[in-house]
Amino acid sequence: MQSNVAASSIEILIDTSQWLYILPLGASVYVTIAVFFRWRELQKSCIKVNVSHRGHTKVSCVVGWSLNVSLQHGNTISEVIHLVAIASITFLSPREHYRSLRPSKLMAVYLSIRTIADAFTLLFTLGTWSALALALKTFLEAANLIAESQSKESILLDNFRDVSPEEKAGPWSQGVFWWINSALFARQKAGFSLETLPKNPRQLDPSRLRQRLSLAWDQRKTPTTQFTLPLALLQCLMPEFVTIVPTRLLLIVLRYAQPLLISKILQLLAANSLGGQSYQLSCSIIMVSTIVYIGQAIVSSRYEHQLNRLNVMTRAALIGLIYEKTLNTPYTTYKDFSAVTLMSTDADSLGNVSDMFHEAWSQVLEVGVGVTLLAQQIGWFCLVPLLLISGCSNMTRYVAKNLRPKQHAWNKATQDRINKVVSILSSIKIVKMLGMTEVVKSQISDSRRVEIDASKDMRWVSVLANASANALGLFTPPITVILFAAFGKSKLDAETAYTTLAILVMVTHPANMVMTIVPRAIASLASFQRIQAFISKPHYQDLRLRLRQGEGATLDDCSRASQPAIELKNVDFRLADATNTVLENISLRIDQGSIVICTGPTGVGKSVLALAVAGEVTPSKGSISVITKLTALCVQSAWLSGQSVSDMVRGFSSSSVSHDEGWYRQVLEACCIDREILLDSSTSSGSGHARLSGGQKQRIALARAVYQRCDILVLDDPFSALDQRTQDRVIVNLLSPDGLLRHMHTTVFLITNAARAYPLADRILLLEQRSIKFDGDWSEYLAQSGSLTSYTHEHDGIQAEVDENKQPAVVRNQKQQVIKDDEFDLDRRPGDAAVYGYYLRSVGAFNMIALLSCTALYSFFSIFPQYWLKWWTESKTASDTFYMLGYLVLSMVAWASTSTMLWVNFMKLAPRSGAVLHARLLGTVL
């Protein structure tokens, strides 16, 4: 026994000395080669930091370290390689300091390896004369490492300060997430908001991710399959996918090094004597333990961070692609609000698809490594876990077969509910005025009930899949141990039992993860298919013809006003979901710079005609020609982004128009939003624009259309939400002889019933019975009184918006109270008891008691078998059959407890809480 322990101790000592030699040598070779490529990369960069004493300190430390090493007169190949590496570092250090934002990763990693290796070598040489020189060398290496790891934030040039804190952090600061402390401390009292969050790294820039995925999607192969979008996503994020692989492999090595290390340590502690090598062996154990456990903590956190970042990038890229598609989709085809569901439910479900990908291959690899170690421990009994895995995989195949259609049905029900909610909320004023709140609430509640019922099939499949995976983890240890005890050649002792259990956990846990990942991966294909079907729809195509200069004009038409800007010839319109035509044989010519008002009864086709002029609707017959295809469009239900008023009006283009401050102020004044909207055009409109009235939103959309200075402006009822006073001011500012649009000589096609605008129009069109019934000026329109004037009125009779200047003090106080309430909600901490009480009441007392009871039973019966196994191995009189049956029964009770817990959680608690919370939210909104 002692000889075996001595051999083991010598083996560990030899291995340690070899690693202390190999690691620094490999790092020196790598640095010598990598410095050349890094130097070439830095040559293309500009200087990013100010000249300071820090740069001189770094150079001094590197030079001192170089001199110390060179004085050792290295005469072996390894020492020469070390000298070359140090000379390369000395050459790179100044350039790395001045031309990079963050501390050098190459230098920090190399210095870390050298410092750690020399520090442990110093432990082995204490008490010798060589220890003094090695201590000085280690001190200089540590000084260099500290100097190279300092952040450059305080000495960066001004134009490089506004970058993400993570991009300025060194490798050690990134490894232990030290860089986030400054952000946490700075906002500890003020709290976090979107405005105060640190800037994201460039890798997480949504616009760049959208462009990368859009490029990969455009390069797809045809015909498409169900894997086309996943492969495009993999191609888009391939660099990020690949960089995680080495981290995951290193984590596997560190995890499986633990049982081997523990086994060696237990063998050494069981020996009575370690001979004269006890000190060296203790240092070896300390070194290996430090590397394994601290390394696993750092590598594991780094791996999770990389996975989380990749998940965020996946979700951002998919949402960006969907968003881009919505902007390239014809206006009339986007009626079901499917993009809302795709960017929420489906994109959220695909947010962890990268996690599933990396966990799948790595867990399979871990199963293979664990089975190999198990075979060395118990021989052919290592096949028992494989047989159980094969049996449980049948349930996984059943789940995979039935999961996708159930997931698709659930997503479809969710989309239908969201479509109904969005449609109702967009007409909430009409719903309240008509007294249909309770009816609408009942309809939405029914849709929510249908959605929950559709989810139950999916939840049942999830319960079966998780129960099968848990059965593998709970039944594999007792069955394997029982078979080994019954048919094994040797008696079951404590060492064999606990070692086998430790390795079985390392086999069954990865197998459990694989069995749960497969159904999730299959379910994700349904979301991929829904997104792929949406982005595969035909792009928007503007089929309007381009009028050539002078086309359609006579010889006497010399002025620009006589040139046609819009011309429709024998046009019919038929919507995609309609059998009859909406408009028939429409022929119309609109001259440049003229203002044309279109009116008529509801549903006659005014909006269809306006969208056709703007190029959003393609006629079923005839042709539409325009002087320019660059057309501004403002519809009644305006879409506004969550940006500031300034960004919404100006847009995000880099053209000179977007930076014309004088024109911007002129447009704000013409649309009456220079003082009324939050008193500051740079103020954010808030989440969902809840603090903006309908009239304010409509004026912002109108200003956005006017600001673009397009030659053709199409306005579809843009004044309906404005009060009478504001409506008159906006009409005069834009359409009067001195109005802004007249001054810009803009061709305007306007749909409105506001009587104030009619006298200012050049022509008035009246649509009735699918054709143009009247086409003339204001005087001709007045001459035909009667039914024609029924489509004009002074105002809607419903004051859509109260004048901001006349708002009572109580209304203004209410708005201020809303802001204060929002700030209070931000200050509310997650640990607030009221928050937990609110959610606990939504799940029901019985469901919560059942969930806690099952959780407690599972916690007890999943741990107690370890003590049962201990009594079994220590027993000398009792029958093995008693312990075998007891071990198996305890595992069965644990499995029944966790399965019941899953059933309560998925089938009772989640549906009830979802219905209750939805009903509360619905009652608050309506």
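Each residue, glycine too, has its Cβ placed from N, Cα and C.
Remember, TrEMBL labels are computer predictions, not curated facts.
Among the ranges 108-132, 283-307, the stretch that TrEMBL annotates as transmembrane segment is 108-132.
Counting same-chain residues at least six beyond the ends of the transmembrane segment (20-39), those with a Cβ under 8 angstroms from any Cβ of the stretch are 78, 81-82, 84-85, 88-89, 91-92, 95-96, 106, 109-110, 113-114, 117-118, 120-121. Under 8 Å from some Cβ of the transmembrane segment (881-904) lie the Cβ atoms of residues 462-463, 466-467, 470-471, 474-475, 477-479, 481-482, 485-486, 847, 850-851, 854-855, 857-858, 861-862, 864-865, 868-869, 871-872, 875, all in the same chain and six or more residues away from its ends. Within the same chain, residues 890-891, 893-894, 897-898, 900-901, 904-905, 908-909, 912-913, 916-917, 920 sit at least 6 positions outside the transmembrane segment (838-861) and bring their C-beta atoms closer than 8 Å to a C-beta of that stretch.
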